[in-house]
Amino acid sequence: MTKSAFEKYLHAITAKAMCGDAVRRDELLAVLASNDDDLLDVIAAAGRVRRKFFGRRVKLNYLVNMKSGLCPEDCGYCSQRLGSTAEILKYSWIDVAEAARHARCAIDAGAKRVCLVAAGRGPSDRDIGWIAGTIAAIKESAPAVEVCVCLGLLKDGQADRLREAGADAYNHNLNTSAKNYAQICSTHTFDDRAATVAAAKSAELSPCSGAIFGMGESDDDIIDVALALRELQPDSVPVNFLIPFEGTPLGRNWELTPQRCLRILAMFRFAFPDVEVRVAGGREIHLRSLQPLALHVANSIFLGDYLTSEGQAAQDDRAMIADAGFVIEGVDEPTLPAERHDLVVTRHRGAGTSAAANT
Ligand code: SF4
């Protein structure tokens, strides 16, 4: 595609996204396949969409790794997987007071959402009880904070129990396309993951689901997983870039460039114009000095450390946000644009009625 043809194409994609209309597969693919000469135009266009729905707000999320390592599943990207020799912290459930203390510090540092994560295939009923106690302790000290839970595959009734315990959201990522899924994991399937996201949504937990890139996937795989996510209608979409841990099967996959990461983020913004798009794991190591550009596209980041690796210093994250002209979203501010049901008026005139048509 020539430069001027791409500019026209980008203009049309942006107009669609600004109206909240679904951007087509071929359009998303064109964003992903665009070249470095067009990168700033792509970021500027995605930035217009971001500002329309989210202004200059950046939501901060904080991870608490409740139980680390020794997972029986074999996700190839994960340092906590079965057989991983990565030298990570390994521990069983931390106690409620410790989790609540970490959450309180993060909230004081600007986090609006606390994500309680535990390694494993899925929670036992006892685990759900443990998480329920932790949610209660966090909410007692900060009632307005959002608590998201990430415990793996859910069994019948567990999403309801989490909702009743006060969880606001549930995270379970699809990670890669259905076609590529068997390449990264053999102990559960893409459909298992999608079913858990659907179960969380049915239980009225805010669904959070995203993906990981840099695992050898093609552009088509990236679009496939983005479109599969769109069907699940998540409220938040974490975009992870592989953290290649030595001692895991993907430990040598250093295939991402900062430009590639920014194009992926921009494509997600066009695919999810009014949905929280979060730059998640791998932000620092893959975007490097271009991190501030990602803020023009995504409206959410993790503050502090990841599950098993360290992130940029929290004060540097806050300074980056301020330097780039953005503001941290407060706990009392809604993230998603308000629903405007008042604009949807049921037709009672014209065809099928005796009232005059709107002509
Ligand atoms: S991603 Fe989750 S389920 Fe997969 S190995 Fe890691 S902790 Fe286990």
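Don't overthink the numbers, they just go from 1 along the chain as shown.
Every residue gets a Cβ built from N, Cα and C, even glycine.
Checking the candidates R48, R278, R283 against TrEMBL: the one annotated together with C115, C148, C208 at the [2Fe-2S] cluster site is R278.
Checking the binding-site residues C71, C75, C78, C115, C208, R278 for a CB within less than 6 Å of any atom of ligand 1 leaves C71, C75, C78, listed in sequence order.
For the recorded site, C148 ([2Fe-2S] cluster binding site), the DSSP three-state label reads strand. Distance between Cα atoms for C71 ([4Fe-4S] cluster binding site) and C148 ([2Fe-2S] cluster binding site): 20 Å, as a whole number. For the pair C78 ([4Fe-4S] cluster binding site) and C115 ([2Fe-2S] cluster binding site), the Cα-Cα distance reads 18 Å.
Listed in sequence order, the residues E73, D74, Y77, S79, Q80, R81, L82, S84, A119, C185 complete the 8 Å Cβ shell around the [4Fe-4S] cluster site centroid, once C71, C75, C78 themselves are left out. Counting only same-chain residues six or more apart in sequence, the Cβ atoms lying under 8 angstroms from the Cβ of C75 ([4Fe-4S] cluster binding site) belong to R81, N175, I184, C185, T187. Counting every protein chain shown, 21 other Cβ atoms lie within 10 Å of the Cβ of C71 ([4Fe-4S] cluster binding site).
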